[in-house]
Amino acid sequence: MKFLPISFLILALATVIALADDPSPLQDICVATNDLESGVFVNGKFCKDPKQATADDFVFMGLRNPGHTSNPLGSKVTQAFVDQFPGLNTLGISMARIDFVPGGLNPPHTHPRGTELLIVVEGTLLVGFVTSDQLNNTLFTKVLYKGDVFVFPIGLIHFQLNIGNTYALSFSSFSSQNPGLITIANAVFGAKPPISADVLTKAFQLDKKVIEYLEAQFWYDNN
């Protein structure tokens, strides 16, 4: 009986690891569908009857063309997550295309459910991520060139900035069919309803008028 607590600990750790990523599929295919009458609920989506699946369910053409970068951030993220690409359902992967004008920024954000692997296709990007409090919020940053690959660990705040004089393009893959997105400025200063200015004033050690000004801004979403 003296080994029982250790057994429970091992079981608990195994359970956490098993739940760390998207659940594994229990069938060959599970194309997402909005037909709730004939579907089966799996991984947050209803599955189309596998006998009704076609090749079109497993192709996504939305990453072919450049995104519209005429916005305050000078960047555009085009997602190929399960909502846009139903064939990804239960497969635990997804992609995105990111277009940047010179000086364009994909602002600090996190993906709460997925690690991101980014490859630069054109241009020069300054990228980085910040660790948690456990590692004293250490910044890891690097300048990337065409062909370079960088990984952003799951859940950590990260960013990409085009520091070149030309257009830049990157593609990212994720370890989740729906990695999620929290853009820091939008979440903190653009929450609906807004976070109390008293809370943010104390948290950021800023004058309340500065907080109210920030909350009054339009926080653009480049996704």
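From the backbone N, Cα and C atoms, a Cβ is placed for every residue, glycine too.
TrEMBL: automatically predicted annotations, no manual curation.
Annotation source TrEMBL lists Mn(2+) binding site at HIS109, HIS111, GLU116, HIS158.
Cβ neighbours within 10 Å of CYS47 (disulfide bond), excluding its own Cβ and spanning all shown chains: 23. If you look up TrEMBL, you'll see CYS30-CYS47 marked as disulfide bond.
Here TrEMBL flags 61-212 as domain 'Cupin type-1'.
Look at TrEMBL and you will find 1-20 tagged as signal peptide.
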Averaged over the domain 'Cupin type-1' (61-212), the pLDDT of the predicted model comes to 95
Around HIS109 (Mn(2+) binding site), how many other C-beta atoms are within 10 angstroms of its C-beta?
-> 21
If you take the centroid of the Cβ atoms of HIS109, HIS111, GLU116, HIS158, the listed Mn(2+) site, which other residues of that chain have their Cβ within 8 Å of it?
-> THR110, PHE129, PHE152, LEU156, ILE157, PRO179, LEU181
Pop the Cα-Cα gap between CYS30 (disulfide bond) and HIS158 (Mn(2+) binding site) into the table, whole Å please.
-> 32
Could you tell me the C-alpha distance between CYS30 (disulfide bond) and GLU116 (Mn(2+) binding site) in angstrom, no decimals?
-> 23
Far apart in sequence but close in space: which same-chain residues, 6 or more away, have a Cβ under 8 Å from GLU116 (Mn(2+) binding site)?
-> VAL151, PHE152, HIS158, SER172, SER173, PHE174, PRO179
